[in-house]
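Copied over from TrEMBL:
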type: TRANSMEM; residues: B:25-47; note: transmembrane segment
type: TRANSMEM; residues: B:67-95; note: transmembrane segment
type: DOMAIN; residues: B:90-188; note: domain 'ABC3 transporter permease C-terminal'
type: TRANSMEM; residues: B:115-140; note: transmembrane segment
type: TRANSMEM; residues: B:160-186; note: transmembrane segment
type: TRANSMEM; residues: B:207-226; note: transmembrane segment
type: TRANSMEM; residues: B:232-260; note: transmembrane segment
type: TRANSMEM; residues: B:286-307; note: transmembrane segment
type: TRANSMEM; residues: B:327-349; note: transmembrane segment
type: TRANSMEM; residues: B:382-409; note: transmembrane segment
type: TRANSMEM; residues: B:415-433; note: transmembrane segment
């Protein structure tokens, strides 16, 4: 599979980056998804909210090409993801997507630096290049000095930052985050969400965050609510009941360690691709 | 007497774990069964030789019966460590799967004592099941052992029946050892309820371990080179030396593997090489548990490489020919059993390591990390240390026996053939056993619906 998309750049503005239509997914007799449409624009961040069992994680898995929907389509810039083979979807996830999970996603035997470098190595970068790029990412996310630490030696917030760096090192088109702050206290959770949103924006990726926490959803541009496998309340987060605390969301202030210049350094460093 | 409510959970936890729990229980019981069956067989042979020496019926048994007992004791010593290794691996396997639920129990407020108690009960139950199945297996193996001629006539099934007391003893000792082994590997859960999720680097092993091996080998070589020692003293020294060599190897093996890991980490270029090197460096003791059995077996093979030499230096006569043939038979049997034990240990240890990492493995798979990476890393993490350890151990044995037998021990073609042949078979067996864990790895990787729990 090539990295070039089947849709020319002239279309990019008109066509959503990720477009899902009529998604239905059944596990046996249960319908986890009962007809969902989702669009994700270039650089947009989308929160998917819902209680346990609402189908929000299934939606993420289907959008990310982990699960193939029972029916419906998922198109990444016109490329029909659900029509790809298992192997092609795995390659797609590795090359064009990034993932941040709740906990336990870092390989425990590798150092923070090696964990971040791994996806770059998997897409063909040499170990030296991948680790140099990984070092810049860690520094940009405030983890300078922690490169040699193992996942077990990192705090929850640090581990999630490492996970964010790992998701972004290949400069993916879409980042999927499944309860990325679920194992963190509120302050650390906000910290991680800010890093996740800002760093994702900095590489020009779109972001999908699955969460049951309205505070986390408030970090995103837009929010949809899923109940019983259907989208019940599409719209902007600013219109929702649990709105953002203005100072936190709208200021757009990067933490000092994630200043625009710093991210541009990483961006311009000629990463792993 | 009322049963503690947490301990009463034991059978339920056993049942509630689903497929993985059943797999690990099956693997653990199999391992306990194999070690019980082989232990009983070895003890049976030992008791058989002792009985024949006590009540000799032939001239051979009267004159060299005692020597046969010494050889049988030697073989038993050689098998003790691999047998214990297998039992320990089985106990750890069970614990690996239960870690998470036990940590949850700790967080819910179960006391350390209750958590340990629960593990003891669970692992001991598996040990007991394994011991019972192993006894049946031992019974099934009897017709095989009665085909093997010793001292000119095969043992009868009656001679090889260990008796009810020994069987009952096995049913007591196997669960006991299993429970102790399980409790030791559970320490980390008990120390901290969160300990399971937090994996930190372990302290490095010290180079002192290398000094130990050099001193021990040198001592053995010097003393065995001294002539004119009384036979009894010499035999005692030989047996003690072997036991010491085993202990030494267990001390030095992990250190050598750690060294190998550091070297490979520096030179790793691909993700699989990096992962394999890190795993080796991360916990050399864990890798030693996988390949150490074969290392010890290779050491035995190295020692046995001198047997054909001994045979050719002995005088003529039917009795000597019989003795030599018996020594070779015994040597090959010991070697075969050691290799089998090493292979089963390796398979079990890899299964435990896959289950230990199940969450991170399946999440990595979701993120698009190819299954082939983990397959290759899994193979690499065993194969390279395996070759280094087995060839190294065999060479160490050859070096140790050099003063005793001189060049003949090294150059006698039959001895070397035996060595190379058995090493090849042993490595192939271990590799085959670790391949058995491939379906388990792929099932863990294919477990796509990982809930963010």
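Positions of Cβ are set from backbone N, Cα and C atoms, glycine also.
Annotations in TrEMBL come from automatic prediction, not curation.
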Spatial neighbours of the transmembrane segment (B:25-47) far in sequence, C-beta under 8 Å, 6+ residues away: 14, 69, 72-73, 75-76, 79, 83, 86-87, 89-91, 93-94, 123, 126-127, 129-131, 133-135, 137-138, 141, 145, 155, 160-162, 166-167, 170, 174, 178, 337, 340-341, 344-345, 347-348, 351
The transmembrane segment (B:232-260) in contact with the transmembrane segment (B:160-186), cutoff 8 A, at least 3 CB pairs, sep 6+: no
Contact between the transmembrane segment (B:286-307) and the transmembrane segment (B:207-226) (3 or more Cβ pairs under 8 Å, separation 6+): no
Stretch among B:160-186, B:207-226, B:327-349, B:415-433 sharing the most Cβ pairs under 8 Å with the transmembrane segment (B:67-95): B:327-349
Within the predicted model, mean pLDDT of the domain 'ABC3 transporter permease C-terminal' (B:90-188): 83
Spatial neighbours of the transmembrane segment (B:415-433) far in sequence, C-beta under 8 Å, 6+ residues away: 290-291, 293-294, 297-298, 301-302, 304-309, 335, 339-340, 342-344, 346-347, 382-383, 386-387, 390-391, 394, 398, 409
Residues in the domain 'ABC3 transporter permease C-terminal' (B:90-188) grouped by DSSP into helix, strand and remaining coil: 76 helix, 4 strand, 19 coil
